[in-house]
Each structure stands twice: as C-alpha cells, then as structure tokens.
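Quick notes on the structure that follows.
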Amino acid sequence: FALAHMVNDFEILKSYLDEGANGIESDITFSDEGEPEYTFHGVPCDCRRWCDRSVGIDEYLQHLSDLTTPGNPKFRENLLVVVLDLKLNGLSQDALRQGGLRLADKLAAHYWTGNRKARAYFIISVPKTSESEFMRTFRKELDEINFGDMSAKIGFDFTDNGDFKETQKVYEGLGISEHIWASDGITNCIPLLFRGTDRLEDLTRQRDEPGYKYIDKVYAWTYDKETSVVKALELGVDGVMTNYADFVIKVLNKPEHSSKYRLATYDDNPFEKFTA
C-alpha cells in the first residue's frame with residue numbers, strides 16, 4: 001500500500017490519487033466533548049508540507065463515499081484504504097467514549113449512507129493504548145445502529161511506537177484479534193538514522209510468526225527518501241506512508257522489488273497476511 005500522508009482537503013486528495021496512491025491518511029480532530037469536527041493537522045507537521053488544510057468531517061466522508069462507490073461519476077478505483085489518524089490528545093475518558101460512538105454514527109450517516117455500497121476499508125488509528133476506550137465504543141455503536149456488518153471493512157492501529165506485547169494485551173482486553181495493522185515511524189523532518197528500524201523489524205517478525213493473529217499488516221511512516229523506502233521493502237512491510245506517493249510507487253516498480261511486490265488492488269484484502 002502506498003499511503004499518502006496528511007490528506008486533509010479535496011485538492012490534495014485528488015493530487016495524491018492522480019499520483020496513484022491506493023491509500024490515504026487523514027487527520028480527524030475532535031471537540032473537547034469528543035465530537036468529530038473536521039480534518040486538520042496543524043503545526044508542527046512534516047517538513048515541506050502545508051499544515052493547515054481542512055474540511056468538515058461530514059463533507060469529507062460524503063466525498064470519500066462518492067470516490068469509492070462503483071458507478072458514481074466520481075469513482076476512483078485505486079482508493080482502497082483510508083487511515084483515520086484520530087487527534088485524541090487531551091480528551092477525557094468520557095470524551096473518548098463519546099468520540100468512538102459519534103465517529104461510528106458519522107460513518108453510517110455520511111460514508112455508507114444507507115446503501116453500504118462505498119467500498120473503502122478504514123483503519124481506526126488511535127495515538128495511545130490509554131485511549132482504547134474510543135475503539136471499544138466505536139465497535140459497540142456499529143452493532144447498536146445495525147451496521148455491524150461493516151466491521152468487515154474496519155481495522156485498528158495504535159501509533160504510539162510502544163512495546164507491542166503491551167499493545168497486544170490492550171487488544172485482548174478489547175476483544176480484538178483480527179483486522180489489526182501495526183505501524184512504526186517518525187516525522188520526515190528527522191532522518192531515519194536516528195529512529196532506526198529495530199522495532200519495525202520486530203513487528204514484521206511478529207506478524208510472520210505462525211499462528212500469530214494480532215498483526216495482519218505492518219506499515220512504516222513517514223518515508224520520503226529512496227533509502228528509507230528500500231529498507232522498508234527489504235524488511236517486508238505491507239505499506240509505506242509517504243508525502244510522495246508517486247515516488248514510492250516508482251521505487252516499488254523497480255525490477256529488484258517488482259519481482260516480489262506490487263501495488264495492492266481491491267482484490268487484495270488488507271486484513272489478510274501476504275505471503276510472497
């Protein structure tokens with residue numbers, strides 16, 4: 001998956017889809033009470049990016065629905081995965097619970113819109129394991145509003161770069177044992193040399209352990225340099241989040257990589273482990 005980073009308005013969304021990105025990451029902000037409000041990152045953000053793009057959450061989800069519904073004039077076949085990077089810092093546990101509930105409601109009302117034909121997969125990406133109540137109420141609300149079948153299109157991710165053994169315990173407590181993405185990364189402003197790839201290697205090794213069910217996919221963020229992308233591919237990641245989707249795809253298509261990997265299509269389930 002070539003995951004375009006910080007896609008927070010329609011102009012940049014079109015630009016990345018034109019580059020060939022098959023996934024996007026968007027930042028979702030919340031009120032103090034936990035109401036999802038709009039896409040927005042703000043400063044600081046990645047180097048060489050404009051941090052202030054924004055659109056209202058309802059309008060954003062409706063536009064994504066148009067782009068991912070076959071037969072819609074706006075349909076874009078290559079948009080497969082939407083990572084919702086949830087800006088939850090500072091929210092109380094009550095607000096986290098409200099946030100999970102309300103995001104489920106908004107997906108039902110503005111993305112699936114009753115007919116459930118919009119086909120993108122969503123990754124509910126929570127910053128910290130201490131904010132896991134968001135996931136709990138999100139899942140519960142989908143069932144309560146009779147959208148439980150859409151759980152087949154929902155995955156989960158914690159982005160705190162923490163000890164995954166502890167993360168697994170949180171998933172166990174939530175009753176989540178499938179549709180799990182794991183990630184490791186650092187802002188593009190800091191060279192990968194300072195972050196290293198030890199944890200990324202650990203995640204891919206854990207994913208590939210026979211019978212292990214708490215990691216389906218591993219992705220790296222935010223990789224913009226060829227050396228970093230090549231290293232990620234050598235480690236066997238399933239996705240690279242980037243500010244330059246066309247560049248990542250170009251690297252992927254080089255003969256030394258294309259013999260093993262290709263860009264995912266809708267026939268590839270993002271919640272099934274890939275075996276080369």
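Glycine too: its Cβ is placed from the backbone N, Cα and C atoms.
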Based on Swiss-Prot, name the residue from Asp58, Asp66, Asp85 that is recorded for the same Mg(2+) site as Glu25, Asp27.
Asp85
In whole Å, note down how far the CA of His5 (active site) lies from the CA of Glu25 (Mg(2+) binding site).
5
If you measure Cys51 (disulfide bond) to Asp27 (Mg(2+) binding site) at Cα, how many Å is it?
11
